[in-house]
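A short worksheet on the structure shown next.
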Amino acid sequence: MNILSMTYEKFVQKIQELGLEKYRADQILDWIYKKHVFVFEQMTNLSKQHRSLLRENFCIQIPKIVSKRVSSIDKTTKYLYELSDGNTIESVLLFHEGYATACISTQIGCPVKCSFCATGQSGFVRNLDAGEIVSQILAIEKDSKQTVRNIVYMGMGEPLLNYDNVIKSIKILIDKKTKNIGIRRVTLSTVGIPEMILKLSEERLDLNLAISLHASTNEKRDQIIPINRKYSIQEIINAAKNYQERSDRRLTIEYILIKEFNDFDEDARKLAKLLNGLKVFVNLIPVNSTFSNFEKPAKWKINRFKEILINSGIEAEIRYEKGADIEAACGQLRIRNLLSKQL
């Protein structure tokens, strides 16, 4: 059993079933989550007998670093990890105002296949289990010697299509006995699966929800996000409203700006109208053209789009890519690795 896949309560139960006291579970989790010790033999406040018992019944699966790139611009660090079955995933460590943020993956590949995203181009393999999601945080902290303060579920994959494992991983990471990450420092990014957003509302987790909208009309969104043909923009907005009413959290809207596609004044006005009445913040993101045929709009046009939103009462900011020199955007490192193996 992988300890990283277990909630605190479940781990305590298993420890007690082995005849150990509850406080032993606390000691073990302290070694793992605070000291980043992943080998039972190195847990020196446990007896040899206890360490042997743990080794026979549990494992601590930490992914292997296949590749690591550090930006010379902003110290953003991109990791490519190999899992126990040989599949690879990506995680990114970012720095903002002195705080470390981990951007983590939830699936190997992605079934959504957004046309501007590198991850979808490599195909979908499988969901990550809760332990594989949690392990990314520990692997980042172990290597970087940084304490992750914020977590964004914004790496490879669509989190709401791996709902149970994602929610379980969040509950593990926010537990005071493990990472003790504040729930308001957790952000989940989704293209918008209405029924799953409604289900998330029932969790009462009050995490930050980011909707990857990227268009203000179904006609345009259908062209870049195929799943929109199943879930319309209005259905997504209605579900987001429900989430906001339950959580009282400001929503983040992610909007990729693509030259001469969704960057017109009319697009901005329609977006403002669509978001009217919601407490939202819009991240305007010039498209990354590395693995697509799309181009970034001119800076003046990006600024103009932002200005229209702000003048319409919508908070907005331009989010320029971090780690541009190391291809830190989702899926790029993995797809390069896959391509190299085919040569």
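Positions of Cβ are set from backbone N, Cα and C atoms, glycine also.
Pulled from Swiss-Prot, these are the features on record:
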{"type": "ACT_SITE", "residues": "E90", "note": "active site, proton acceptor"}
{"type": "DOMAIN", "residues": "96-325", "note": "domain 'Radical SAM core'"}
{"type": "DISULFID", "residues": "C103-C330", "note": "disulfide bond"}
{"type": "BINDING", "residues": "C110, C114, C117", "note": "[4Fe-4S] cluster binding site"}
{"type": "BINDING", "residues": "G157, E158, S189, S212, L213, H214, N288", "note": "S-adenosyl-L-methionine binding site"}
{"type": "ACT_SITE", "residues": "C330", "note": "active site, S-methylcysteine intermediate"}
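Within 10 Å of the C-beta atom of E90 (active site, proton acceptor) sit 28 other C-beta atoms, taking all shown protein chains into account. In terms of C-alpha distance, the listed recorded positions E90, G157, H214 place G157 closest to C110 ([4Fe-4S] cluster binding site).
Look at the recorded positions C103, C110, C114, C117, L213 and count other Cβ atoms within 10 Å of each Cβ; C114 has the fewest. A straight line from the CA of C114 ([4Fe-4S] cluster binding site) to the CA of E90 (active site, proton acceptor) spans 17 Å.
When secondary structure is read from DSSP and collapsed to three states, S212 (S-adenosyl-L-methionine binding site) falls in the strand class.
Take the Cα of H214 (S-adenosyl-L-methionine binding site) and measure to each of the recorded positions E90, C103, C117: the nearest one is C117. Across the structure, L213 (S-adenosyl-L-methionine binding site) and C103 (disulfide bond) place their CA atoms 19 angstrom apart. Non-local neighbourhood of S189 (S-adenosyl-L-methionine binding site): V152, Y153, M154, P159, A210, I211, S212, E254, each in the same chain, at least six residues away, with C-beta under 8 Å from its C-beta. Using a 10 angstroms CA-CA radius around C103 (disulfide bond), the recorded positions that qualify from E90, C117, G157 are E90. Listed in sequence order, the residues of the same chain lying 6 or more apart from E158 (S-adenosyl-L-methionine binding site) and placing their CB within less than 8 Å of its CB are T106, Q107, C110, P111, V112, T190, V191, I193. Among the binding-site residues listed here, namely C117, G157, N288, G157 has its C-alpha nearest to that of E90 (active site, proton acceptor). If you draw a 10 Å sphere around the CB of N288 (S-adenosyl-L-methionine binding site), it holds 20 other CB atoms from the protein chains shown. Taking only the Cα positions, the spacing between C117 ([4Fe-4S] cluster binding site) and N288 (S-adenosyl-L-methionine binding site) is 8 angstrom.
Around G157 (S-adenosyl-L-methionine binding site), the same-chain residues six or more apart in sequence whose CB sits under 8 Å from its CB are S105, T106, Q107, I108, G109, C110, T119, N127, L128, listed in sequence order.
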